[in-house]
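K.L.:
This is the structure, below, for whatever I ask next.
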Amino acid sequence: SFCFFSSRSSAKLIAPLGCLVSRQKHTLPDLPYDYGALEPHINAEIMQLHHSKHHATYVNNLNVAEEKYKEALAKGDVTAQVSLQPALKFNGGGHINHTIFWTNLSPNGGGEPKGEFMEAIKRDFGSFANFKEKLTAVSVGVQGSGWGWLGYNKEQGRLQIAACANQDPLEGTTGLIPLLGIDVWEHAYYLQYKNVRPDYLKAIWNLINWENVSSRYASCKK
């Protein structure tokens, strides 16, 4: 379908890519649990700031960037479109990453996964303990701000660990389908763990929602 934009006396025919007029704005998703539900591993103050301030800022800035991009498309201003790419990547990635992160955590999390997903972990990493050690090491090793990820490599049919800088989204930058993300930005842990990232990473394994991760794995194998 095409969109028609009225421009003075003439109507401009704009390609479908520019049809963002009726697009729903991105919104901050509700958490599936209370801010204090992940204590003592992640305290309520961190969760409130992380969700209602940090994630909300990415959502707001993404909406602004998309609005400017829509205008640049309508004008055929390629320079403006290119200049908006970093803002779209950063804020779009921040929204995508955090939306996954909240569902990857649960007050009833921890332990080990079961079934087909556990078999895949053993196949690709040797053991659950080895997988846990590798993902922790990659997450600890992120320089500055970023994320540690477990993703699914669809081409190779295997699980893969990766790190992404800043808010770079896993699938958009590596092609891996995100299953489990660990946020290692300081805003995710500093109020509670100060600069000791390894302590935060040790604690977060008590919250991993393996049902959610396993469900993501099952979906991307279809």
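Placed from the backbone N, Cα and C atoms, the Cβ positions cover glycine too.
Remember, it's a predicted structure, so these values are computed and weren't measured experimentally.
As annotated by TrEMBL, Mn(2+) binding site applies to HIS50, HIS98, ASP183, HIS187. Under the heading domain 'Manganese/iron superoxide dismutase N-terminal', TrEMBL lists 25-106. Here TrEMBL flags 113-216 as domain 'Manganese/iron superoxide dismutase C-terminal'.
Walk me through where these features lie, including what they touch and how far apart they are.
P.N.:
As a whole-number mean, the pLDDT of the domain 'Manganese/iron superoxide dismutase N-terminal' (25-106) in this prediction is 97.
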K.L.:
Apart from HIS50, HIS98, ASP183, HIS187, which residues in this chain have a Cβ no more than 8 Å from the mean position of the Cβ atoms of those residues at the Mn(2+) site?
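P.N.:
The answer, listed by sequence position, is HIS51, HIS54, HIS55, PHE101, TRP185, ALA188.
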